[in-house]
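Undergrad: If you scroll down you'll find the structure; I have some questions about it.
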Amino acid sequence: MTIKLYNTKTRRKEDFEPINKDDVRMYVCGPTVYDRAHLGNARPVIVFDVLYRLLRHTYGPDHVTYVRNFTDVDDKINARAAESGRSIAEITAETTQWFLDDMAAVGALEPSIKDRDHQRAMPRATQYIAQMVTMIEDLIAKGHAYAAEGHVLFAVESYSKYGALSGRSIDDMIAGARVEVAPYKRNPMDFVLWKPSDDATPGWAGPVVGGKSIGRGRPGWHIECSAMAHDLLGATFDIHGGGNDLMFPHHENEIAQSTCAGHNFANVWMHNEMLQVEGKKMSKSLGNFFTVRDLLDQGVPGEVIRFVMLSTHYRKPMDWTEKKREEAEETLWKWKKLTDGAESSRRPHLEIIAALKDDLNTPLAISILHRKFAEAKSDDDKNRFLSTLLLLGIGETWRDGVDVAVEEAFQTVSLIEALIESIEKARAQKDWATSDRTRDGLESAGVKVQISKDGVSWERGPSFDPAKLEALK
């Protein structure tokens, strides 16, 4: 079955035909490294990690290149260094490692060039300044960029298709602009390729304009990805991915400057939708903002974070809720029990592969997994079930036995399930005292117990206390 992917550029689902099946190439915009990755930052990493795994499964690990950058030169980084009194190098090195650790915790493979070179597949912007300067000089020579007051700007009117990716016209963009336009811009929508740096700001020798350097400065955000993608993947590559919030202006600007530099750039553009928390936009002002590390430190396993993310299709808004987290922990606990002692057969279920090949339909894949779980009886069933989980990036820490948080979370669910079972048994024997005592104990530990004619169900409330639960053993 052919992989089908929704292409933002054409606004339709298309058969994916790589330029070269022996060298499938994908670029995904990475983080600006000045702080911890919040939960929304994890969504594109997880989404495109699933695509990376699918491409590796389809074409072979040695035939897929996946590049994801780090932006380590940015005004936010400069501001963080100034307010903290620490060096930029120290901050970017620390936050880069934080990101790598947190994304590994949610099961993301490191990007790699044909399964051989991880470091080059995770380029830092500061390593590619020379390539950026060369591209800027080329754009100036071709009449697509101009120098003004120490800046170099891209002239959007020189590119007739500007706005095609996001479906915007230049006139509408100008009319809707609410920020003051710099007086040195020829057009309000022209964007910065290079900007001057003072003595307190990182800087490099700038592009040569009219036979001399424009002066010390630093690159604009958009030129970074174009230069790194071109250097590592070539003038034309297969897939470019990122969050929906990057479609404009970042990806729109990438396309404009790359095309005008003579590069066809990416054939397929993919965007994941944004994340909400309990139905609301995640923000510090609403008190619902948290990082991936916050969840991990609270004992939420990375496998659970990943599972919740994959339960919603990547092109739909993802709503993170406590209920979904609890349901994910219960499901993964049962699946872990099934696969204890299993060995990967390297034969994932074909139905799951078909779901993933249909524009990464992970919700359908998970619904099929629920059915396969119920049907699994033989060792071969369990081995194939584990193989399928591994294709989705789930179950690797179970097999390696290294994730303490996962084990603790599953032990918690196991204890609650055992206590619920004792309530059901006591009620069947009309031992109301034992039933009430156990239920009261669970309630005091923050576990809400509901008893109905259909049986006993439970969910963890906001006051859940693991220590009180442990005391009920």
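Cβ atoms here come from the backbone N, Cα and C positions, even for glycine.
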Undergrad: Taking 31-41, 75-85, 163-173, 251-261 as the choices, which stretch does Swiss-Prot tie to motif ''HIGH' region'?
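TA: Comparing 31-41, 75-85, 163-173, 251-261 with Swiss-Prot, motif ''HIGH' region' matches 31-41.
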Undergrad: Looking at 21-25, 196-200, 216-220, 281-285, I want to know which stretch Swiss-Prot calls motif ''KMSKS' region'.
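TA: Range annotated as motif ''KMSKS' region' by Swiss-Prot: 281-285.
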Undergrad: May I have the DSSP-based helix, strand and coil counts for the residues of the motif ''HIGH' region' (31-41)?
TA: 3 helix, 2 strand, 6 coil
Undergrad: Six or more residues out from either end of the motif ''KMSKS' region' (281-285), which same-chain residues have a Cβ under 8 Å from its Cβ atoms?
TA: 38-40, 274-275, 320
Undergrad: Among the binding-site residues Cys29, Cys225, which residue has the largest number of other Cβ atoms within 10 Å of its own Cβ?
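TA: Of the binding-site residues Cys29, Cys225, the highest Cβ count within 10 Å belongs to Cys225.
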Undergrad: Across the whole of the motif ''KMSKS' region' (281-285), what does the mean pLDDT come to? Round it, please.
TA: 84
Undergrad: Counting other Cβ atoms within 10 Å of each residue's Cβ, which of the binding-site residues His250, Lys284 comes out lowest?
TA: Lys284
Undergrad: Show, in sequence order, which residues other than Cys29, Cys225, His250, Glu254 on the same chain lie with their Cβ within 8 Å of the centre of the Cβ atoms of the Zn(2+) site.
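TA: Checked against the 8 Å cutoff, the neighbours are Trp221, His222, Glu224, Ser226, His240, Gly242, Leu246, His251, Asn253.
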